[in-house]
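**Q** Okay, these came from TrEMBL:
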DOMAIN    71-180  domain 'Ig-like'
DOMAIN    191-273  domain 'Ig-like'
DOMAIN    292-354  domain 'Ig-like'
DOMAIN    361-441  domain 'Ig-like'
TRANSMEM  473-495  transmembrane segment
Amino acid sequence: MNVYEMPNGSPVFIAFRSSTKKNVQYDDVPDYKDRLSLSENYTLSIKNARISDEKRFVCMLVTEDDVSEEPTIVKVFKQPSQPEILHQADFLETEKLQMLGECVARESYPAGNVTWYKNGKVLQPVEEVVVINLQKIVDKSTGLFTMTSSLQYMPTKEDANAKFSCIVTYYGPSGQKTIQSEPVVFDVHYPTEKVTIQVLSQSSTIKEGDNITLKCSGNGNPPPQEFLFYIPGETEGIRSSDTYVMTDVRRNATGEYKCSLTDKSMMDSTTITVHYLDLQLTPSGEVTKQIGEALPVSCTISSSRNATVFWIKDNTRMQTSPSFSSLQYQDAGNYICETTLQEVEGLKKRKTLKLIVEGKPQIKMTKKTNTNKMSKTIVCHVEGFPKPAVQWTVTGSGSIINKTEETKYVNGKFSSKIVIAPEENVTLTCIAENQLERTVTSLNVSAISIPEYDEPEDRNDDNSEKVNDQAKLIVGIVVGLLLAALVAGVVYWLYVKKSKTASKHVDKDLGNIEENKKLEENNHKSET
């Protein structure tokens, strides 16, 4: 027989089972209708446990001789729901105590406790800093508890990104247990304590023509949205958002830039250097000069840093700067003076000089008999710019020779060559003409039977050196012979002079002897 006790101690019979009869009898108790089950080994089971089932149950064994009882107390537990942080603050402000949120855990039995955590550490109540208030409300219809814990908190700047959570502690059949809420991060607002100005640029250096973007920022949260920018040359700050843009800057933009909060507190500054590079080439463009003239050339650089300057002529880099004291045809060409600032990307300047060296045609004619002795080669060497047109004629007949060969026109020079086999002496005329002048030169050429050997126009440098060496040797020999003849002449002159002096002395002596002889003869005649 099973009974339970009412709060006043009176028993209420709920189930009976006889040892002889196998049937079970359940008393008509509304609270346990259809919820009880008494097994053959006299185990009483209660389905769909309720808070009201927490009471003292008694098992009674009734025999003919005696009645024995064994009581037991049934405890009922209900795990609460996972706690949630509700009514969360939109943001937190430093130095201000405010409601952070409420931690709510529902349908618990018995009632549990709620603990707040920050970054995994327990938040202990601190006056005017951490204020916690816990409420436990029971649902009269179910007997279950709802725990609500509110947290008032005064955050600091370091609480930015801090994780707040709460844990509910409850009791179950096996002892104490806990359930944790999902962590929550709050936006912590704090005032700006420092202002920073930055130069936003794709390059580490700034040059003329670039755009400059200044960015001012404060370390507060939320960050300031407006600032005052101070530009060199401006007395008042310029109100702007957190960025200020200057386009196509010039060198006068170099200087100190500042920004501050709109109340002019907390200022920061930075220095900007706008690099520049100027190049002045004198003369420049197309310049025409006459051969032999002087042409001073200067390439002047003005820059914010030391610049590298180099010259290019006809796409070839020059080792030195050009200087023209006496212009030659080979000096003509396209000159470029180029300069760069190596530390400043993209800062490069160049200017060009197209030099034209003009000259009237100059002619030199040469002739030689070819090795086969069957023909002669006559060459007209021509200099001049613009390139002269060459025409050959035979003097006397006036006929024009069209069969000619020309060499390549290089540095204002070229040659025109004809090969002839004259049967008699002829005079050939070479005419060279350009826009400046017409030059005519003639050369007498003997018949093919008479060999002629002018200086060949195609001798190489080795032959030139040999001829020069031979000429030097001949000159040396001639000078030596002249010196020897001079010495011999001097010696001979001295010898002749000495001989004449000696002759005079001999004649004088002979005269004295003759006079003595005549005196002796006269004396002898007187004596007789």
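Glycine is no exception: its Cβ is also placed from the backbone N, Cα and C atoms.
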**Q** Run through the domain 'Ig-like' (361-441) and tell me, per DSSP, how many residues are helix, strand and coil.
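**A** Each residue of the domain 'Ig-like' (361-441) counted once, the result is 0 helix, 50 strand, 31 coil.
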**Q** Please compute the mean pLDDT of the model over the domain 'Ig-like' (361-441).
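**A** Mean pLDDT, the domain 'Ig-like' (361-441): 92.
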**Q** Based on DSSP, tally up the residues of the domain 'Ig-like' (292-354) by helix, strand and coil.
**A** 3 helix, 31 strand, 29 coil
